[in-house]
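J.: Please see the structure below; I have some questions.
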Amino acid sequence: MSDVYPVPEAFAAQANVTAADYERDYAESVRDPDAFWGRIAQRLEWSRPPTRIRDVSFDREDFRIRWFADGELNASVNCLDRHLATRGDKTALIWEPDDPAAEPKHVSYRELHARVCKLANALRSLGVKKGDRVTIYLPMIVEAAVAMLACARVGAIHSVVFGGFAPNSIADRVADCGSKLIITADEGLRGGRKVPLKANVDAALKMPGTQSVETVLVVRHTGAAVDMQMPRDRWYDAVADGQPGECEPERMNAEDPLFILYTSGSTGKPKGVLHTTGGYLLYAAYTHEAVFDLREDDIYWCTADVGWVTGHSYIVYGPLANGATSLVFEGVPNYPDYSRFWNVVDRHKVTIFYTAPTAIRALMREGAEPVKKTSRASLRLLGSVGEPINPEAWRWYHEVVGDGRCPVVDTWWQTETGGILISPLPGAVDLKPGSATLPFFGVQPALVDAEGKLLEGAAEGNLVILDSWPGQMRTVHGDHQRFIDTYFKTYPGMYFTGDGCRRDEDGYYWITGRVDDVINVSGHRIGTAEVESALVSHPKVAEAAVVGFPHDIKGQGIYAYVTLVAGEVESDELLKELVAHVRKEIGPIASPDFLQWAPGLPKTRSGKIMRRILRKIAENAPDQLGDTSTLADPSVVESLVKNRRDA
Ligand code: ATP
Ligand code: MG
């Protein structure tokens, strides 16, 4: 039943990677990873080129993951200095402000280099040394990228905390990694609303466990008056502006940590994922070039926040290591109206656009008109990341946003993986809506059953990765045992992703949702993604979330939460119609036992549906919601609990 979108001929003719390249290089990459990655590693600038390439064992007795272990490099040199001779005047970052009436900014590679060096010198003058942790709590402004790269320049390990988090969450993350310094701003601005960033930091630093922080650097952004506590608090411009615009980079070993980043917390308490310098940077850069078919004159825009791994790998490190022009957007998709994304695309002539299904569904809910009144003629490639994209949303993205012209790369990966693992290469792989398609070079996905038996051919099971890739995380900060237990214990000798997946007869991978979310109805395993996509394919449904609940006869029943398209009215008839619709699309086994209207769904701050919370509501156990600190809008939960349908 799945349709195929072949690679457009014109696209294939100019692509970085063709179908023949993919086939040949993929085969080499898994047959001889040392030769393959040794060659790819030459795309970085090493102060000492690696002679050792891959040194990996997933065996619990002899566990190690090391890439390029004798190589030395600095990530900021690779993102900046290396480009100065040939791309000094090229725009590295375009900043699009929250307020569309305010002036966008263009920052050249030369200017970015100078700004990073100044801040790096300032950090050194404040006593920040190689290995120290620095927390970055900033809005989507140029200084966020500057701060990350300045840390990299002096060898400090950054921990970016999403600017939408509250004091509690900042304090947890600061305490977990023992930050010495925090870089924040007076205020953030999102959708016309002010976010009191500095005040949030002040509140966080009153909480226990945060006494490691010696200095808070404050960027003047909105110009609001904030409380400065001397000598702890310093204005960013006062310490950075007077510094020299050159700064000797710290020589880093490839395996020295680059950053710690906490996962988005869909499944529980966030984990402090640690990535290292050489493998991570290489993998982010190489995937960015191949998956987005990058060309020198592209204007590339990833709408993620730098607080998530997508922002790290595909706004900052990947694009800048490739000398690309990367757009940093301060705002939100629906401010001042639902045309904002497309107005920004037109304003800056964006060619590559990368966003999340949650945004696509939210825009789809408002219909085609806000899209169609913009041009979008500059676009040539679209991307998706973060959750399974429902085929309905995929088609809308392809047809309405891309006018049927632009391939859609559905990129599957995780904070833990550092970069994209499964995705089409747009000039090489035919697309199927809803499928992340095929593995990237060097990546060996496999499906296993509950006992860990490898499944062959077309099958459905738990997604594992059989061997390492350079961008793989190296540890959970401060808890190496948790790293091994979480990812290598369930299926010994394999990296367990936690996601369920189906592989079709063409070898294409379809993520079916998180393994913990799989519903077992009378012995049939049903992925949440499939039922949700069936619901979303109904013209009146904008978004749906499906969970299991204990059922006397079937073992588990299906409980669905449904958000309607703007302007549609909830009714008992529609409810019956939707149940019948799922029955028709998938079969009676998948028809929901209960369906609840949900004007909003509980989501992480990165926009992912938190099914574990919906499961507790369906089970009528609202007192067991677990860690809710990463919820974007806790009030959604209260209203769902109140309107729960009695199971
Ligand atoms: P936590 O690990 O704390 O529960 P999280 O898993 O949401 O949080 P991330 O690393 O941001 O944190 O998300 C990775 C997960 O997102 C993947 O494991 C997968 O479930 C989902 N995901 C990401 N991209 C895709 C995609 N293209 N298709 C399907 N699922 C995706
Ligand atoms: Mg996860």
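Heads up, the Cβ atoms here are built off N, Cα and C, so glycines get one too.
Nobody curates TrEMBL annotations by hand; they come from automatic prediction.
From a predicted model like this one, the values you see are computed outputs, not experimental measurements.
Annotations for this protein, taken from TrEMBL, read as follows:
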type: DOMAIN; residues: 22-79; note: domain 'Acetyl-coenzyme A synthetase N-terminal'
type: DOMAIN; residues: 81-465; note: domain 'AMP-dependent synthetase/ligase'
type: BINDING; residues: R190, G191, G192, R193, T310, N334, S522, R583; note: CoA binding site
type: BINDING; residues: G386, E387, P388, D410, T411, W412, W413, Q414, T415, D499, R514, R525; note: ATP binding site
type: DOMAIN; residues: 530-608; note: domain 'AMP-binding enzyme C-terminal'
type: BINDING; residues: V536, H538, V541; note: Mg(2+) binding site
J.: Counting only other Cβ atoms and using a 10 Å cut-off, which of the binding-site residues R193, R514, H538 scores lowest?
T.: R193
J.: Using the CB centroid of V536, H538, V541 as the Mg(2+) site centre, which other residues of the same chain sit with their CB within 8 A?
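T.: Leaving out the recorded residues gives E392, A534, L535, S537, P539, K540, A542, E543, A544, V562, L578, H581.
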J.: CA-CA, which of the binding-site residues G386, T411, V541 lies nearest S522 (CoA binding site)?
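T.: Of all the candidates listed, V541 is nearest in space.
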J.: Given the binding-site residues R190, G191, R193, T310, H538, find the one whose Cα is closest in space to the Cα of R514 (ATP binding site).
T.: T310
J.: Count up the helix, strand and coil residues in the domain 'AMP-binding enzyme C-terminal' (530-608) according to DSSP, in that order.
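T.: In the domain 'AMP-binding enzyme C-terminal' (530-608), the DSSP-based counts are 24 helix, 27 strand, 28 coil.
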J.: Taking every protein chain shown into account, which of the binding-site residues G191, G192, G386, P388 has the largest tally of Cβ atoms within 10 Å of its Cβ?
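T.: The residue with the most neighbouring Cβ atoms within 10 Å is P388.
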J.: So if I draw a 10 Å sphere around the Cβ of T411 (ATP binding site), how many other Cβ atoms end up inside it?
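T.: Summing over all protein chains shown, T411 (ATP binding site) has 25 other Cβ atoms within 10 Å.
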J.: Consider only the binding-site residues G386, P388, T415, R514, V536: which of them have a Cβ under 6 Å from an atom of ligand 1? Write none if no residue does.
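T.: Once distances to ligand 1 are taken from each Cβ, G386, P388, T415, R514 fall under 6 Å.
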J.: Going by DSSP, give the three-state secondary structure for R193 (CoA binding site).
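T.: The three-state answer is strand.
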